[in-house]
Amino acid sequence: MSRNIGVIGLGAMGFGVAQSLLRAGFNVHACDLRPEVLQRFADAGGVPCASPAELGSRCDVVLTLVVNAQQTEAVLFGANGAAAAMQPGKLVIASATVPPGFAEALGRRLAEQGLLMLDAPVSGGAARAASGEMTMMTSGPAEAYSLAEDVLAAIAGKVYRLGAAHGAGSKVKIINQLLAGVHIAAAAEAMALGLREGVDPDALYDVITHSAGNSWMFENRVPHILKGDYTPLSAVDIFVKDLGMVLDTARHSKFPLPLSAAAHQMFMMASTAGHGGEDDSAVIKIFPGIELPGKAE
């Protein structure tokens with residue numbers, strides 16, 4: 001008999017995870033604040049829920065794919081939260097990007113209610129989520145992995161087991177976000193210089209993606225700039241948050257991160273200028289004196 005799996009948050013990553021779970025044959029329940037997204041989920045064969053509590057009462061495993069620690073707190077422990085409705089021995093897979101200390105405390109709080117947890121941030125983007133090929137950075141007790149094994153196999157191409165202590169997965173995720181944010185900022189700076197110097201941007205993209213200066217983020221994000229399409233898959237404000245979290249972690253350890261600080265300021269400038277809800281590649285819009293490619297009509 002197929003297990004009941006819950007997904008809280010049907011954003012770019014969450015909807016793809018739900019699709020992968022449906023494809024694997026699970027009974028998938030989900031909740032989201034947007035009725036149109038829940039309808040699309042229902043049309044795909046899923047079971048919409050009115051609240052996290054309703055979802056938690058139905059499911060053996062609950063995945064939280066929300067934006068941050070505050071949303072994780074709300075969907076698990078707020079009004080109509082999932083945790084109080086779940087049966088002891090069930091599992092929460094917490095996949096938001098959160099401070100490591102929050103992940104540690106979350107594991108303790110869930111354990112007090114008799115629930116297991118995996119600290120399990122994700123990476124790879126919406127396309128990999130939809131194809132079941134995400135990367136997951138996980139940590140937690142062996143019993144949690146036993147309950148999660150078939151779920152993880154359905155949604156991830158690579159699952160890293162980083163120890164039994166909650167927080168280890170989140171530490172690795174924020175280091176990944178350090179690199180991701182710096183690489184996006186560097187890609188924007190490089191393209192901005194090219195535009196300022198009159199280099200054809202399409203030619204520049206082709207050269208860099210076949211040269212040593214390339215990065216995954218350059219190759220993935222610069223096409224958004226070339227098309228003039230800043231429809232958000234991951235927004236500027238995500239990196240305001242995530243690089244802020246990186247810097248807070250380093251500050252706690254009294255550890256300098258000069259590149260991260262510079263990149264964070266770039267995303268802050270873009271957000272302050274009104275681009276916070278746009279795709280993170282819109283960080284290029286902070287540079288003066290350049291004409292960006294326009295979106296084709």
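Cβ atoms here come from the backbone N, Cα and C positions, even for glycine.
Annotation source Swiss-Prot lists NAD(+) binding site at 3-31, Thr97, Lys241. Secondary structure from DSSP puts Arg3 (NAD(+) binding site) in coil. Less than 8 angstroms from the CB of Arg3 (NAD(+) binding site) sit Phe26, Asn27, Asp60, Val61, Asp150, each of them six or more residues away in the same chain.
Secondary structure at Lys173 (active site), taken from DSSP and collapsed to helix, strand or coil, is helix. Annotation comment: Swiss-Prot describes Lys173 as active site, evidence class similarity to another entry.
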So which of the binding-site residues is most packed in, judged by how many other Cβ atoms lie within 10 Å of its Cβ, out of Gln19, Asn27?
Gln19
Would you mind reading off the Cα separation of Gln19 (NAD(+) binding site) from Lys173 (active site), to the nearest angstrom?
23
Rounded Cα distance, in Å, between Cys31 (NAD(+) binding site) and Lys173 (active site) is 25
Simplified to three states, DSSP reports Cys31 (NAD(+) binding site) as strand
If you skip the near sequence neighbours and keep only those at least six away, which residues in the chain come within under 8 angstroms of Phe15 (NAD(+) binding site), Cβ to Cβ?
Val37, Arg40, Phe41, Ala126, Ala129, Ala130
